[in-house]
């Protein structure tokens, strides 16, 4: 990524895409996220790292209101997408999720054909005017997902028949097909082998030119490889947030340092 | 890649305004959800309708119309020689008692409802149950010294009279009825206001025997309840040990082989075989082949055992499976044999679950009717109480659901009320059994 | 009751064996349990098992085999010429058995002496009247062939029972002696006992197989018998069902199958949408409280005995439908003449099936992994879109299985159709007309006073066979689909 100085500059002066202020999340009586403030920038990969159960996934799911599907979960504070509070009463989570797509830990292709998997989002959101248009969207999404060459001859084969890495790229392509502005990824590589992981990581890096990507990861190396910004969560608190280089080379908080050097986690 | 973004310029849309498409989709969502609510509601409404129909139609069976009158037990008719010899008194059949009752009723009518259109004692026949004479004869035989006195009796009113008090029989509906006339109903109205004709709780419905087609007022479900009881004893005694033994083998000892597979497939298929097929099995094997007596609760119990076994085996295996392997390992580690570990540790821990499953299986068997039709437990008039345990198992009898079916098929609508009433009793049993099962489960449920 | 005595004697031997075996083991160890290989109970149990098990096993086999053997010997002795015109050997044999039973009864009631029964002659005594006096009614007079066959039958049965008693007692004593003699402190009693218990467990598990074998055999034998009296082609392809016990019946199964299918289709048309939507609502939308309240209540519908539904159909739903569609009814049409109809039975059966469909579908919908739903919701799909396009298609095989199971229930359901569908067998399209089903006719053919050997009664077994094959096919298919489906997500 260092061979493109223009891009570097762009990152440096990037506009804020999502800004979270004083976010609190409760699961029943448990206070899962405590007073988190964070600005997520456009066209940047932001990594959330931290030990298990630190709340990073929970916070990620707040960003497209996936927590709404859990009855006992309660979110307080403001999260704004392009200056609009996504927890505003007028906001329809369905519309929000079309803008903020999500990729999950375990590849979860629908039990449908590869084509139908990709076309699912565009169809429900009415993005295609006709069949040719839809074909076009599917192809583009598959290309963006860096999987087109592998599946173009078997678009109507079931998506569940692909390998783990292919399935995950299919899921990314599926998320991309709805033209989101932000892509949330919840440990997208944790179920994949190293080769598949590196393919997905490459893909994430490519996606950065168009989307704001937020990735939760267990692996610090992965965070260092793919992200420009890193947020370190610990026990529901956002301990430190800054440029990835800074977090990994010169953490300000002793807890961050302890985690980076492997003493907690 | 960049050109891909250029040719689909996305209009910037605000999250705060809901797009028309999303509005449409949300309406669809609401409709879909409404269908779901409607479906659940329909199910619940059906349940409510069913239960309230049963209650509405069935409570009547627990009340019966009685006529309370003093009856003069005329010595000249009941004991001509006056020596109170019990053998001689027994010689007087019920026909000897009928005129006494009719006279008594007639006297009551003349006294309490003077000027009625009923002009002769014979005319009161329509008011009295045909069972009254037998009832009084039994009392007299038990107490011969009553003869010559006037004793107050509470006798059953005829089914039509009972129906009139319950609203089933109306003045319109008797227009073409040969058994009863409007004048009788007039008298009933008067006698009712005088407290001679009364609707009272009818214990005989719960404890009594079935009666013939023409005496619905006398019919009770008691004898067939005993039939059901004896059947359930057979089912319990056979299906619990066999079911537990089979489950223990399949769950703890069975090697993975063809035979075990065959047994497993068999059990799950048997659980779904229509119950009537078990009736055919019972008829062909137990009655025709083995020569066991028709209509006997023993045979009914055997058939229901075979029918219930798969249910019990399936639930027993589930509770055995829920005992964690660490318990078995602990016992084996102390040098217990496999058999000992199962019988000393696993089985006791699984017992609450097994009992729950057994009770639910029994409840299922208790309500089952179809197989009983084929082994002759329907069509038999359950009018005699079994004389002892052996007779209880071997003598022809009916069972509660079979009795209900029998009543439902009879021509007199008075029997329908009894059928509904029988259902209430049956459901009381089923509910009790299920509540016991739920309590057992709640009380002893273990989370490992 | 000699059989009861026999059983009691063997049980008493086993009890004695338990006590003596235990004692012997204890004394061989000098009264110190620690010197024994197994606990004392095992030594006692070992003797008891050896005394009782072989004896009971032989007893059971004997009780089954003896009547068969006696039957075949006696019927072999009946000359073919003795079988009257229009009757069969098996009919004659059932007469023989009845006469023999009647004679037994007469002897036990003291009407005739045991010796007298052996020398009875048909031309000298009116056997029919004699038996009638002890409560055994015969359809015709007893001729010499029948009587002598019955006497032979009794003689053979008597000898057999005697032999059985001797053999069983010998086995019990022999087993007792053998096990007792083996009892000493080094004998591995526990292992032997556990092997026997294991044998018992296997036997218990095999009862499932025996039941199936019993069902198949009783259906097959009688069905074959039926097809000997009535052509199979006419049965399977006949369009008229009019049994008459006087003979000349037409026993075509098609009208019955049609009634069965018609009613099942109506039942499923009621149960599947309601059950499925209820399952979807309860598993995807309803909160924990609603679910905890509504789910068990709907399942109560499955716990209500079918006789209740039958009565509900006959006395409530039927008359209600007549009020709507009958002559002078609300709609002013005269489409329905009686309370019994295909719709009556179908509707009520549909209500009964709702919980079958809903709880099975509920399980199956719950087995669809949450990640599928997340994937769809994460793309901005609404809940209903997720359900319709992701969850239900993923659950489809399982739901099909559930519906097939419900269909098999509908086809095999008896009480509702017996009470609600009517008795007339017809091939009609009118859902408000009374029709009848396979199960209803099984009941009516076997509960009449028909002779079990007549085609009119035997047809019930052929109907039972048809029913069994149909439901078995559906069940096997459904269980296979459901199992395959479960494996997919495990």
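Note that Cβ sites are derived from N, Cα and C of the backbone, with glycine treated the same way.
What TrEMBL lists as transmembrane segment is C:45-65 (among others).
Sequence annotations record features per position, and here TrEMBL assigns transmembrane segment to C:162-180 (among others). Within the chain, the transmembrane segment (C:162-180) has long-range Cβ neighbours (under 8 A, six or more residues past its boundaries) at 2, 6, 9-10, 13-14, 16-17, 20-21, 24, 46-47, 49-55, 58-59, 62-63, 66.
Look at TrEMBL and you will find C:200-221 (among others) tagged as transmembrane segment.
Here TrEMBL flags C:257-478 as domain 'ABC transmembrane type-1'.
TrEMBL lists C:261-282 (among others) with the feature transmembrane segment.
Positions annotated as transmembrane segment by TrEMBL: C:294-315 (among others).
Nonlocal intrachain contacts for the transmembrane segment (C:335-357), taken as residues 6+ away from its ends with a CB within less than 8 angstroms of a stretch CB, comprise 259, 262-272, 274-276, 278-279, 298-302, 304, 306, 309-310, 312-315, 317-319, 321-322, 325-327, 329, 402-403, 405-406, 409-410, 413, 416-417, 419-423, 430-435. Residues annotated as transmembrane segment in TrEMBL: C:335-357 (among others).
According to TrEMBL, the transmembrane segment annotation covers C:390-411 (among others). Listed by sequence, the residues of this chain that lie at least six past the ends of the transmembrane segment (C:390-411) yet keep a Cβ under 8 A from its Cβ atoms are 260-261, 263-264, 267-268, 271-272, 275-276, 280, 284, 349, 353, 356-357, 360-361, 363-365, 367-368, 372-373, 375-376, 381, 438-439, 467, 470-471, 474-475, 477-479, 481-482, 484-486.
The annotation transmembrane segment is assigned in TrEMBL to C:457-482 (among others).
Same-chain neighbours of the transmembrane segment (C:261-282): 290-291, 294-295, 298, 342-343, 345-347, 349-359, 361-362, 365, 387, 392, 399, 403, 406-407, 410-411, 417, 421, 431, 435, 437, counting only residues six or more beyond its ends whose CB sits under 8 Å from a CB of the stretch. For the transmembrane segment (C:45-65), the residues of the chain that approach it from at least six positions outside its boundaries are 3, 6-7, 10-11, 13-15, 17-18, 20-21, 160, 164, 167-169, 171-173, 175-176, 178-180, 182-183, 187, 189, 192-193, 196, judged by C-beta separation under 8 angstroms.
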